[in-house]
Structures are given as structure tokens and as C-alpha cells.
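**Student:** Take this structure first; my questions come after.
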């Protein structure tokens, strides 16, 4: 199957320039193509992942992906999709963000073999361009009327846009032209809001490299959820690729909780499963939705891809422990992941009566209520039911000498750490 046909089947193409020419080019040649990201933060979220998944599909089809981290464009900020001016960050912060993104993107691609990926930073070829060079060599190639007509600029004219952000499309066009000239890059991929920037690059390539220069652009549709809300966010905020911001367990749970109406679309977008495999999962969604086979597959595939097989095993282990209530097999790291959002208390490193301990920490409102809950078997320590009001909490009740997990009733968890 031609890679363009596969992308169309997956619903991953919104717009493309010269479809016939691109189809022929990717069938006959191994091409280099790129997608960029600006280091506006120290982590990608899953919304950022979408165009890079397309880039990875091209790599799987034998083409060479170029990952561009915008050390230069990141100092300005892309106005696309923004209603107001971005706040500029320091060069020091941008440099830190660049390195963080390099690590995350490095996990997604293969950097060896015939279709080895490469990673570039546009700061390397823009840092020595003087203002006069910029105006003479590039500014002269851009018609202001054309720039004003592009959606990314036109949508901001009423509220105002600085020259800095207005000129962003020139810098992105310079990137495409540079990669065309020095890396033989023929295709740029981006989100649907990048169409204006991509076509600006194609225009510059034709002016700089000649009318016969072959280059293409492809954008991806905006991904929305069936309920109309924005994809990539949970109640707790964005779902990050950085495990310190979104743990692998939280990441896994995000995908597990996918709506039945969205799961097949996400399987097509985000996994490398075949059409036959996805069709079978779609059938299961229709016939046995309660088994959530499609969601489990999606969560497993994504956690492995972004994190690792080990991270997936941890997420499954935590999920099983929380479902069964048997938490004794969890490590301290797994406890921190699985209980990140439960009420957390810090206890003194001392032996204390269970009833007093529950009240002192604030898990129980009074000794009377604490005794009643213990007597009725509603209190669990590390998954074990406690019915002895005389029990003493000591070091033996700690997991890895760090945590004690308290459960009240069937689902109310508390995490206790120690001074």
C-alpha cells in the first residue's frame, strides 16, 4: 500500500499539495521529510505527538525523517492558533527545553539503518544571519499582501500582531528551504494550522531553487473527541510525554478511558496495527464493548511506544493492584505513580495505636468514627483488613520502609509517607 493510501485510510490527511506528484515521488524514491516543534515547554504532550506519528509512518515505509527542534523559531513563537502574543522565554530556558525535547523525540524514531532519522536545530543555520541578510535574501521574496491573507495572520489583525510573530512564517520558510538545499528534504508535515507556514516555505523554495524544484506539503486534521472537547487533555490537564509530568500509569489510564466512539479513530491515528487488526477490534467494540479490548490494546500500544515495555508492565501491575486491593507487591516507585492523586499524609516515625494514628493524620474525623470503622472491617492497611482497635502501626506496616497505603471502604485510598 502506498504510504499516502495508508494515511488516507487512517484519516490522517487534511490537506496536501500536488497529491499526484507526491504519490509518484514516494513510490519511486526514498524521500527525506520533516516536521518541526518549537521548544516552548520542556515536554511534548500527546497533541504534539500526532504529526510525529505520521513522520514515523513514513520512516516505517522506508523514508528518512528529519526532526526539527526550533531553537531559533522558539525564541519568537508561532502565532498559529494563538489569540494573543506569546511571552518570550530566555535563551537559557529555550536551550533547556531543546534538550528535553531531544530526549523525548529520540525515543520515537530509529536513528540507524537505511531510513535513519536525523535531528536538527534551526538555530544552527539562523544564528549567523544578520538583519541585512534576512531582509535582502529572504524578506525580499515575501509579498506582504500574501502574508496578510494567510489565516495565521488574518485571524490576529483585529487584536494586533507584532512584527516578530508576523515574520515567523518567513523563518519557518527558511527552514524548509535550508533542509531542501542541504538535506534534500522534499516534504513538510504539520498540523492543520500550519498550512500557511508550509505553503510559504514551498513558495520560497520555488523562488530560491527554481520553478522546477519538487517539494510538497501535507497537513493533518485537527483531532477532536466525540463529546466535542479538545483531544489530549484529562480532568487533570494535558497528558505529557515526560514521565515526571504524567506518569506511565496515568498515561496508560488516559488511553484506557477512551470513549467507545473515539477508540477506533485513535487506533488508526496512533498505533501501527494493521487494517485487519483494527477492523477486528472495531468489531469487538460493537459486539462486546464491556470488555474494552480496543481500549486495552490502544493503552498498551501507546505506553510501550512512548515509554517502554517495562513501563507498560508497571502500569498493568498498578492497575491490577488497585482493582484487587492487593497492593503489597507494589514497589515504592509504583506506589508513587498509582497513588499520585490520592490524599497524602506525612506521619511521625513512631509506633502509634491505629485508631489514634487515623485521627491524628486526619483520615478519620474522630476516635469514635475510627473505632467504628475498624470494628466494622472498613479499614485496610496495605490491602489487609484491620478489625483490632488495639493494633499498633509500626515499621512492619510500611512498604519499602517508605509508604503505608490506607483504604477506607471499597475505594477511598490514602497514602502515608514518613518523616
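Quick reminder: no glycine exception, Cβ is built from N, Cα and C everywhere.
According to Swiss-Prot, the protein carries these features:
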- 34, 168, 172: L-tyrosine binding site (BINDING)
- 233: ATP binding site (BINDING)
- 352-418: domain 'S4 RNA-binding' (DOMAIN)
- 39-48: motif ''HIGH' region' (MOTIF)
- 230-234: motif ''KMSKS' region' (MOTIF)
**Student:** Residues of the same chain, at least six outside the motif ''HIGH' region' (39-48), with any C-beta under 8 angstroms of its C-beta?
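**Tutor:** For the motif ''HIGH' region' (39-48), the nonlocal Cβ contacts are 69-71, 74, 77, 86, 89, 94, 96-98, 100-101, 104-105, 223, 231-232, 238-242, 245, 254.
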**Student:** DSSP helix, strand and coil counts for the motif ''HIGH' region' (39-48)?
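**Tutor:** Counting residues per DSSP class in the motif ''HIGH' region' (39-48), I get 3 helix, 1 strand, 6 coil.
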**Student:** Tell me the residue counts in helix, strand and coil for the domain 'S4 RNA-binding' (352-418), as DSSP assigns them.
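**Tutor:** Helix/strand/coil tally for the domain 'S4 RNA-binding' (352-418): 20 helix, 24 strand, 23 coil.
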**Student:** Rounding to the nearest whole angstrom, report the longest C-alpha distance spanning 34, 168, 172, listed for L-tyrosine.
**Tutor:** 18
**Student:** Other than its own, how many Cβ atoms are within 10 Å of the Cβ belonging to residue 34 (L-tyrosine binding site)?
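**Tutor:** A 10 Å sphere around the Cβ of residue 34 (L-tyrosine binding site) contains 23 other Cβ atoms.
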**Student:** Taking only the residues in the motif ''KMSKS' region' (230-234), give me the average pLDDT of this model.
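**Tutor:** The predicted confidence over the motif ''KMSKS' region' (230-234), as a mean pLDDT, is 74.
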